[in-house]
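Contents: one structure, followed by commentary.
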Amino acid sequence: MSSTLSTPLLDQIASPEDLRRLPSTDLRQVADELRADLIDAVSRTGGHLGAGLGVVELTVAIHAVFDTPRDRLIWDVGHQAYPHKILTGRREAMRTVRQEGGLSGFAKRTESEYDPFGAGHSSTSISAGLGMAVASEMDGRRNNVIAVIGDGAMSAGMAYEAMNNAGALDARLVVILNDNDMSIAPPTGAMSAYLARLVSGKAYRSLRERAKAMTRHLPEFMREGARRTEEYTRGLLTGGTLFEELGFFYVGPIDGHDLDHLLPVLRNVRDTNNGPVLIHVVTKKGKGYPPAEASADKYHGVSKFDVVTGAQSKPKANAPTYTKIFAESLVQEAHADDKIVAIHAAMPDGTGLDLFGQAFPKRTFDVGIAEQHAVTFAAGLATEGYKPFVAVYSTFLQRAYDQIVHDVAIQHLPVRFAIDRAGFVGADGPTHAGSFDTGFLCPLPGMVVMAASDEAELRHMVRTAVAYEEGPISFRYPRGNGTGVDLPERGSVLALGKGRILKEGTKVAILSFGSRLTEALAAAEDLEGFGLSTTVADARFAKPLDGELIAQLARHHEVLILLEEGASGGFAAQVLEHLARNGLLDHGLKVRPLTMPDLFVDHASPEAMVKASGLDRAGIVDAVFRALGTGARRVLQA
Ligand SMILES: Cc1ncc(C[n+]2csc(CCOP(=O)(O)OP(=O)(O)O)c2C)c(N)n1
Ligand SMILES: CC(=O)[C@@H](O)[C@H](O)COP(=O)(O)O
Ligand SMILES: [Mg+2]
């Protein structure tokens, strides 16, 4: 902890019990100390900061009023849960957040009893909370369940599915809508505009007239609350909001940084709550830290930074990111083909489509956090002759699987999937690892599945996807910087289902799919040092497979290593099945698949995750020697 921090009250809080012992008049100071501590902690590690800064007062108020962990508190996404971690016994450990062996950057059940539900992906909190509320009701426990969800997360269909169900069940559930008018980027969509109107008071004023007439029908707790707090009365809006129509009692908008507003409202809800309640809290992302408040992304995610200046320390890169190469290549192609359109789900910067949006604002669609919709929306565009590119992180594409199957693949629609963050992503850990895309795309009839082994390949794959009209096509590429290869001026259209050989040998063959190719070439060098003549090939396609190439590698080598940065069930599984079906294993070929292990790998640096999974240079060499049999390395070394 920084010796310059003065946090006399926070120092006394080892758990929310301690917080609840303090008089309400101390809570403002607790919040100030908590904010300073949060900034100090994240400045040392990097991580998600803006969202946490915005919920400091809300976090203090919730823990002061509710009986956590008996009352269940769920943070949607969980990236804003850092202040919650500090107040729930993890203050010291916060100095390790997202580091190997340290705290997770999200809420995590195994980490604390104060985290009743893990997350990382958005918009799950209301569903999970409803399950807990119903269980509590069935058990007769009558504890409270509170789900805190952001305005960005509120754009996903799942939130409405949950509210629809909660309203019908009349469940005792508290949803706190943390409205900071920001997603990662400024939010888009009609829902966001609706919330803005509620906050600005336009909708509020007309509804208030109606509310006046309804006052005598208000439940007792609302009248009581209104009597007790003048501010609350002023901020109270009842009847007629979308949330009311869904069966929630709507309270708000409330200033989420003013404890004099938050505390009485939360107490009222706690003491008299009987059905679903939605408390609309207005906050500022980045609140209380000027560099965050001033930045465009409100310091959503930051690397280590200087607390005084806010300057972040970004490591110097020798090559552009894959994301940038994808975006630039797509912009280049879109200049030549006006049917190309680009879609992302609330991730303009992350997917690189901010660049595309600058060049083609009318051909760029931010659909909000709505991956399922993004895919079917793209399918609709494809039916009309457009060439939609859905740019999405591998992990978030998982959300849209039925849409890929039912809306795209069965109808053979040429939707192009640009799958970013494929493979280990490092600090965000298992919720964000891009592990499963190859495995879930390959079984789909007619789907073309590619992976880029460097940024030049990525450029070719963008061009290939533009040219391919027969059905859906995907290409995956990792988080971070490229390998530094020379880039072609423009990509070429790749021959469908054809790989390439980079180095020819006779004893060992390494067939790599995607990002591990550089390590495969390095491992081949090591193997040559042992006198093992090694072939290295880049498969490019997991579907259709290059049958000719696979047969050649299988027939003319003793060992075949299948390498990919993805879960088992992906590329290697496809090749193994192909080998088995075509009798290519019958002569005793020693095939070894190298994939991610069958476990959710905890956060660490991507390099450490790759190494721990045996997908690095040394891991590949080891796999070859294991295939050749015990003692092979010793004999060859001698
Ligand atoms: C399903 C899914 N899609 C995308 C993301 C990436 N993501 C993380 S936080 C975030 C913005 C969330 O906005 P909001 O809920 O308003 O929270 P805030 O950061 O404003 O507090 C997005 C798009 C995600 N975590 N999950
Ligand atoms: C919380 C969340 O889902 C995003 O903020 C994510 O952490 C972004 O990851 P990248 O840093 O890879 O864009
Ligand atoms: Mg928000």
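A Cβ is built for glycine as well, from the same backbone N, Cα and C atoms used for every other residue.
TrEMBL annotations: computationally assigned, not manually curated.
The number of other CB atoms found within 10 A of the CB of N180 (thiamine diphosphate binding site), across every protein chain shown, is 24. For the recorded site, N180 (thiamine diphosphate binding site), the DSSP three-state label reads coil. Per TrEMBL, the feature thiamine diphosphate binding site maps to H79, G120, H121, S122, G152, A153, N180, Y289, E371.
Positions annotated as Mg(2+) binding site by TrEMBL: D151, N180.
According to TrEMBL, the feature domain 'Transketolase-like pyrimidine-binding' maps to 320-485.
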| request: Among the binding-site residues D151, E371, point out the residue whose Cβ has the most other Cβ atoms within 10 Å, with all shown protein chains included in the count. | output: E371
| note | Model confidence for the domain 'Transketolase-like pyrimidine-binding' (320-485), as mean pLDDT, reads 98
| What binding-site residues among G152, N180, E371 have a C-beta sitting less than 6 Å from any atom of ligand 3? | G152, N180
| Within 10 Å of the Cβ of G152 (thiamine diphosphate binding site), how many other Cβ atoms can be counted across all chains shown? | 30
| task | Could you say whether, by DSSP, E371 (thiamine diphosphate binding site) belongs to a helix, a strand or a coil region? | result | helix
| query | About how far apart, in whole Å, are the alpha carbons (Cα) of N180 (thiamine diphosphate binding site) and D151 (Mg(2+) binding site)? | reply | 7
